[in-house]
Structure formats: structure tokens, C-alpha cells
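Chemist: I grabbed these lines from Swiss-Prot:
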type	residues	note
ACT_SITE	Cys137	active site
ACT_SITE	His270	active site
ACT_SITE	Asn290	active site
DISULFID	Cys134-Cys175	disulfide bond
DISULFID	Cys168-Cys208	disulfide bond
DISULFID	Cys263-Cys311	disulfide bond
CARBOHYD	Asn159	N-linked glycosylation site
SIGNAL	1-16	signal peptide
Amino acid sequence: MNKIVLYLLVYGAVQCAAYDVLKAPNYFEDFLHKFNKSYSSESEKLRRFQIFRHNLEEIINKNHNDSTAQYEINKFADLSKDETISKYTGLSLPLQTQNFCEVVVLDRPPDKGPLEFDWRRLNKVTSVKNQGMCGACWAFATLGSLESQFAIKHNQFINLSEQQLIDCDFVDAGCDGGLLHTAFEAVMNMGGIQAESDYPYEANNGDCRANAAKFVVKVKKCYRYITVFEEKLKDLLRSVGPIPVAIDASDIVNYKRGIMKYCANHGLNHAVLLVGYAVENGVPFWILKNTWGADWGEQGYFRVQQNINACGIQNELPSSAEIY
């Protein structure tokens, strides 16, 4: 095909897909219909439109500046960044991060390993879940890791009860937030965790109804990792399994697809599950499983560039556990 024709086709496709801020009212009406949104008053609708327009301007700016990722109008488009973070994340940072999980300092240079690794390809990662309007990302990331540990050890899937962890973990704060290593500690203290089918998710704080006779996974030891070298997460991922990590979710809210090169860290506020890494067009990236449903991002997943501390991924909070 003629190179000029090919360029015009590609350029035209990109232009057709691009947003125009002048069309914000049309996009907003489409958004209301698609996501079945309604508001209590016209003044509230106007306020939400103003937030929507601000988010649209950010999306347009990101799509212009980030050549390897795309951003879109999604279900969070009428929420301010602060609203999204307060309602749909849930990592809570106390003054004291110590507990009886063993602390491991990853201060040695990374080993030479494969350029690509993905636990999904080995069929060891359970389906994407949706935490809803409950700050329980910490519970989902922690149990997502245990679900993968179970799959690695027993070669079968099981979905564990985030609701049990929300209701029965008295160190963390349920839908008001928690941490990864303290959640592993809570599972150890409880003696185990039930299946989601026995203790279904309700997306709110409730009374503890744990039944020890129905525990399906028990934790024998937990770890918290201090990462000096970001690349060392590769070794950890391959040897341990999918790893719950802490990030700043502010820049991923309107993510659609691709490798994010720009993801700031203004403060850790969200927990996700690191499941793999790879290289695309010379850009190395991490693969992370989110808990905002399969209709967000790349079927519930997102990718960020490695070795730039994207979203603050290099920190003292990655955690894991061994199961019986």
C-alpha cells in the first residue's frame, strides 16, 4: 500500500477517535445514557457537567501527550478526581506499617530472567472483580494474591471472600481502607478465609459472620517487601506469584488501553495486583490487575512503563503470603 495512503488512513482513524472539547455537551448526554446516570436537580446536573468537561480536557491532553496509551470517557467521568479516589480505592497509610509479617529488603540487583512473564498465560489468575463504591481495594488485592497462590499450588481456581475480610479484619477499616500486609496478618489471625460463594460480597461494612468450618485457604506466613530496585519486582513476581502492590491511582482513572508513560505519585491510595511484565515496541512495562470491573481499561487490567516508578509502584508496601 502507498505510504501516503496508509498515513492518511491511520491519521484519519486517529482523528475520528479523538475527542473535541466543543462537543462536550453531546458527549455528556451520551455518557448519561450509556451509564444510566441521573441527578437530583438541574443544578446538580450542571455541576456534574462542569466536572465532566474538566475531565474531558484532561483526557484530550493525555491523549495528545502520551503516545503509547489512550484515555477515554468512562464511568468515572462525572466524578472529580478526589471523589473517585475517596470512593473507589481504599489504601490507608497509618503512621506505623510494622506488624509480624517478615520484612524483606530487595536491595540486590535483579537476576537475569525472561524478558516477558505473565501469570495469566499460566492460568493462575482469577477473573477481574469490581469493588464498587467501597474502599476495599486492599482486600481484593490481598485475596487476589491468595487466589493465585491456591491456583499455583492446587491447579484450580477459587474465589475468596473479600466481605469476610472487610467484616472480620479488626486491624484494617473495611470499606474505609486498609493495608496489604495487615490484611494477610488478619487472615492468619482469623485462621483462614471462606469462599466468596459462602460469604458473598456486599460492598459495605457488616458484622463478622466467619465460619471456621468453611475456611478454604489458610495462611502460614506473610511478607512485606522494601524495593530498592524496581526491576527486582520481576524476580519476586516469578518466584512468589502475583504480588499485591500499592500505587497512586489518580492518573489511571480515565485509562483505556496501552502503556502509561506518565503516572505520577502524589501519595499512595490504591492497591492492585501485579501479574506480569513484558516489552512492546522497545518499551518495558508492568501488567496490573485492577478491581474496577472488566469494563474498565484493558478488560480490567492496565499497563505502566517500568523503571520510572510509575504511579509510585516502587515503595515499602508490596506484600505476599504462603498458604498451607
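From the backbone N, Cα and C atoms, a Cβ is placed for every residue, glycine too.
Computed from a predicted structure; not experimentally measured.
Mind running through what each feature is packed against?
Modeler: Secondary structure from DSSP puts Cys137 (active site) in a helix. Of all Cβ atoms in the shown protein chains, 30 besides its own fall within 10 Å of the Cβ of Cys137 (active site).
For His270 (active site), the Cβ neighbour count at a 10 Å cut-off comes to 25, with all displayed protein chains included. Secondary structure from DSSP puts His270 (active site) in a beta strand.
DSSP classifies Asn290 (active site) as coil under the three-state reduction.
Cys175 (disulfide bond) carries neither a helix nor a strand DSSP state and counts as coil.
Long-range C-beta contacts of Cys168 (disulfide bond), restricted to its own chain and to partners at least six residues apart, with a cutoff below 8 Å, comprise Ala186, Met190, Cys208, Ala210.
Within the same chain, the residues at least 6 positions away from Cys311 (disulfide bond) whose Cβ sits under 8 Å from its Cβ are Ile247, Asp248, Ala249, Asp251, Ile252, Met260, Cys263, Ala264, Asn265, Val304, listed in sequence order.
Secondary structure at Asn159 (N-linked glycosylation site), taken from DSSP and collapsed to helix, strand or coil, is coil. Taking Cβ-Cβ distances under 8 Å and a sequence separation of 6 or more, the neighbours of Asn159 (N-linked glycosylation site) in its chain are Thr126, Ser127, Glu147, Ala195, Glu196, Ser197.
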Chemist: Have a look at the recorded positions Cys175, His270, Asn290 and say which one has the shortest Cα distance to Cys137 (active site).
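Modeler: Checked the recorded positions Cys175, His270, Asn290; minimum Cα distance to Cys137 (active site) goes to His270.
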Chemist: Ten-angstrom check, please: count other Cβ atoms within 10 Å of the Cβ of Cys263 (disulfide bond), all chains counted.
Modeler: 23
Chemist: Rounded to an integer, what is the Cα-Cα distance in Å between Cys175 (disulfide bond) and His270 (active site)?
Modeler: 13
Chemist: Just counting, how many other CB atoms are there within 10 A of the CB of Cys175 (disulfide bond)?
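Modeler: There are 20 of them.
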Chemist: Return the residues near Asn290 (active site) by Cβ distance under 8 Å, restricted to its own chain and a separation of at least 6 in sequence.
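Modeler: Expected: Val128, Ile252, Val272, Trp296, Gly297, Gly300, Tyr301, Phe302.
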Chemist: Neighbour count, 10 Å Cβ-Cβ cut-off, for Cys208 (disulfide bond): what number do you get?
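Modeler: Total other Cβ atoms inside 10 Å, all chains included: 13.
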Chemist: For Cys134 (disulfide bond) and His270 (active site), what Cα-Cα distance in Å is obtained after rounding to a whole number?
Modeler: 12
